[in-house]
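TrEMBL annotations:
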type	residues	note
DOMAIN	A:72-288	domain 'ABC transmembrane type-1'
TRANSMEM	A:12-34	transmembrane segment
TRANSMEM	A:76-98	transmembrane segment
TRANSMEM	A:110-130	transmembrane segment
TRANSMEM	A:162-183	transmembrane segment
TRANSMEM	A:223-242	transmembrane segment
TRANSMEM	A:262-288	transmembrane segment
Amino acid sequence: MNTRSAKTQRNLFIAAFILPTFLFFCAFTIYPMLQGLYYSLFDWSGMSDHKTFVGLGNFKDMFKDPIVWQAIGNDYFLVVGKVIGIMVLATFFAVALTRFNFKLAGFFRSIFFIPNVISVVVIGVLWNFIYNPQIGFLNAFLSLFTSEKVDIAWLGFTSHTIWMLLPPAIWAGIGFYMILIIASIQNIPDSLYEASELEGAGQWQQFRSLTLPLVWEQIKVSIIHITMTTLNGSFIIVWIMTEGGPDNSTQVMGSYMYQMAFRQFHFGFGAAIGVLILVVSLITTVILQRLMRQEPIELG
Amino acid sequence: METGIRNPAVKIAFYAILLLWSVSVIYPLIWTVLDALKNNEQFFLGAPWSLPKIPLIWDNFSYVWKHYHFDRYFVNSFIITVGSTLLGLILSAMTAYVLARYPFKGSGVLYLLYVSSMMIPFILGLIPLFFLMNSLHLINKPIGVIFVYASSLLAFGIFVLVGFFKSLPKELEEASVIDGASHFGTFFRVMLPLSQPGLITIAIVNVLNIWNEYIVGTILINDPRQYTLPVEIAVMQKEMQYRTEWGPLFAGLLFTIVPVLIVYMVFQRKIASGITAGAVK
């Protein structure tokens, strides 16, 4: 009797602690995600309850829409640019701030992370000001070297504007990945460095044959993380800085989804782009994992 | 044992790169402060790096605070940030405790569900979220935004706290149970206080994220009275095409940046450990 009531009490406790969170999670996370899949099968303006089932119609339209292809291209452009820019600089900074014995390493580390605690909206506004044709920093700076005042509309070229989104994205991302790589470098036992030191290895050799292979797992995780967050989230900086323009030249999947749904009220089509983002991110992650597969290195 | 760089030329070059990057990070912040003290004339006539003229336009701060209602947005952001962090923390702590200490049929699957939801892009649910909140009459209500943010905290919170609770010694609970405490009592009086370091780490990482969040905010709030700071900043920037009030815009940016910078400076270590905990999935 006693053990039975103890068991009941235990079960009650488990239920009381598990269920509220679970219901909450289902309502505000799981349900919207599943609904997203469902909505993508309808033609729906969102204005009325009237939804027309169109099956995969939205997806057919999507693949015929040149802007969708443009957006996918832009997404990958940002992925490649950010992976290269962020990983090279973050790795460099992480090694410099751990292995090179700089006196101000702690100071630099705190400074480099600052962009990561600032809202993407603020970052977008600041960089818009840098690029501003009349009163912006970049034109004023370039004007110092020319006889005439430079007045380039940096965000105004359909052919190049997407390039202008890379510097803010890289600038904002480095600190986070630098911290990850620093943590990973600090896990490498000093004895390994001492041994390589005795063999006369220089900094560059130590980096190539010791640091890089041992932080490779972390670099892999970081590359996948950058890829996922870029495919899923780069539209915020796009939306703040260019709204996908000019003439859709900086449109990414996320911004196009937002525009289609909340500006043009094609909610079904927007939801289909949401599914596209899911599929593209999953496929990309799997491919990346395959490409970067390498025997894990055990610490001896 | 760590070695420095022996070649002084290389050392200087590396220092130069590090200094240059520091400047690229700090300078926009200093420049935001300087620009918040300028009037329009100085924006259009002076170089962007020129110092603000005396008298400094301190009025930009009070102007944006009152005229652009930053007082309200500041409070909105504060309530939403604190509310969703607390709600998310208590919900994830309760579940994490049970998952770590009271294994039951299906608890492994549940843990996997929470953690793997981090892999699904949030954006997939964005459109349905709007209609869900609409049908619950939670559009333009701070509580609606709090629910969504709290829910978005769960996966990371549970992931970190399960690890944390598992690392606490079992004897503590046993002692508490022998003393006659109930399951609830043990959790609230013993385990929750002990997990404080973990809770604080999660809280800080989330406070920063939520204070800065834009996209959910802009979708769930369209009533200007309920805006959060990032939503207002985005709106204000668009308005600058029609009226130029650059000084107040930069003053507004500062009201958004300074609180997170303070949190960051106070809790640097916690933030770094939160990042490493979250990324080693």
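From the backbone N, Cα and C atoms, a Cβ is placed for every residue, glycine too.
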For the transmembrane segment (A:12-34), sequence-distant contacts whose Cβ falls under 8 Å of one of its Cβ atoms, 6 or more beyond its ends: none
Interface-richest range of A:76-98, A:110-130, A:162-183, A:223-242 toward the transmembrane segment (A:262-288), CB pairs under 8 Å: A:223-242
Positions whose Cβ lies under 8 angstroms from the transmembrane segment (A:110-130), at least six residues beyond its ends: 93, 136-138, 155, 167-168, 171-176, 178-179, 236-237, 240-241
Remote residues contacting the transmembrane segment (A:162-183) - C-beta distance under 8 A, at least 6 residues beyond either end: 74, 77-78, 81-82, 85-87, 89-91, 93-95, 97-98, 109, 112-116, 118, 120, 123-124, 126-127, 131, 154-155, 215, 218-219, 221-222, 225-226, 230, 234, 237-238, 241-242, 249-250
